[in-house]
Amino acid sequence: MEPLRVLELYSGIGGMHHALRESHIPAHVVAAIDVNTVANEVYKHNFPHTHLLSKTIEGISLEDFDKLSFNMILMSPPCQPFTRIGLQGDMTDPRTTSFLYILDILPRLQKLPKYILLENVKGFEVSSTRGLLIQTIEACGFQYQEFLLSPSSLGIPNSRLRYFLIAKLQSEPFPFQAPGQILMEFPKIVTVEPQKYAVVEESQPRVQRTGPRICAESSSTQSSGKDTILFKLETVEERDRKHQQDSDLSVQMLKDFLEDGDTDEYLLPPKLLLRYALLLDIVKPTSRRSMCFTKGYGSYIEGTGSVLQAAEDAQIENIYKSLPDLPPEEKIAKLSMLKLRYFTPKEIANLQGFPPEFGFPEKTTVKQRYRLLGNSLNVHVVAKLLTVLCEGFGNASESCHKMPLILDSNSKILS
């Protein structure tokens, strides 16, 4: 069987390409396209032999797309027009132009691709752009299914709820297809023995867990999951939810994804400790959760991602209870006892499923690394969706053990 010829649009730092490798589907990326030169340097660092085009998508003609002769499209269009905290410009946002161009040329290709996978933020599912996407692929004869999924549903201690669409050019619907509904979990794939994701593994497992869950995005004022008192700006509901997350033994601990060695350069500076102590989302190495890491991580505090309490034995409740009565210098001294630090870029990459060999060029700054990772995706989530999408193609059927794709009886859906 000939390998799939894959076109990777908005390729970024190569998350889709890594997911394709992890899925073990026979495939070859014929071209990766992105306009971000910094992201392209990282992509080239990790995939030096892939044909990488550093140009706008709308600058590529229909004829040039036809010459690539691809039968799969992987894409993650710009999310800013659809973010819940943004302006939600949707189709009127200039950053949507390239995606609208894709939808325009798709029906006019000499040969339609057989497979499509798209990733975007939660919020895309209620956009006019999504409506045009569905209208276009239906007119082309694709069967499709939409999802809202988080890495926590794979046992990964990170919340990153994202919209996904998988589409296949065929007349028969997917076995798990729910027309007009968005699935909140993976179709169940039965495996012989689930495996855990480990940072030190040379190759990542194709399928991990058979008991799906869904974890909502964290709010911007979260705190530690095991606290029994409200010592920060959080609600009782937030505290209880975080405690429930940390009690879920099917989710791995953060320590499985952390770097060894000296990380003092990532300690929060005193002025940030003093100013934002009540807004920090603090987790420990033994925690089983973390907030979504955004492109502003390391530059902004509120809502950009969790910070790690490196001093595990320090009593965070006692320290926070003592703060109101202390002068600024003593507050800083108390908070410094927690050894609060940012997650390193490598640790965030680990949580997002990038393989151990993934790396950045030396000239890529820490700020750039955080920004690029914040704009990327979870490799494990996409790899599993690719396995579902291409079930029956090449090694994909072997990775599924040729088991049927079904949904649990308690499947969650969003109408």
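The backbone N, Cα and C atoms fix where each Cβ goes, glycine too.
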Binding-site annotation, Swiss-Prot, S-adenosyl-L-methionine: partner of Ile13, Gly14, Gly15, Ile57, Glu58, Ser76, Ser376 in Asp34, Asp66: Asp34
Under 8 Å by Cβ from Ile57 (S-adenosyl-L-methionine binding site), same chain, sequence gap 6 or more: Leu9, Tyr10, Ile33, Val35, Ser98, Tyr101, Ile102
Which listed residue (Asp34, Glu58) has most other Cβ within 10 Å, given these are binding-site residues: Asp34
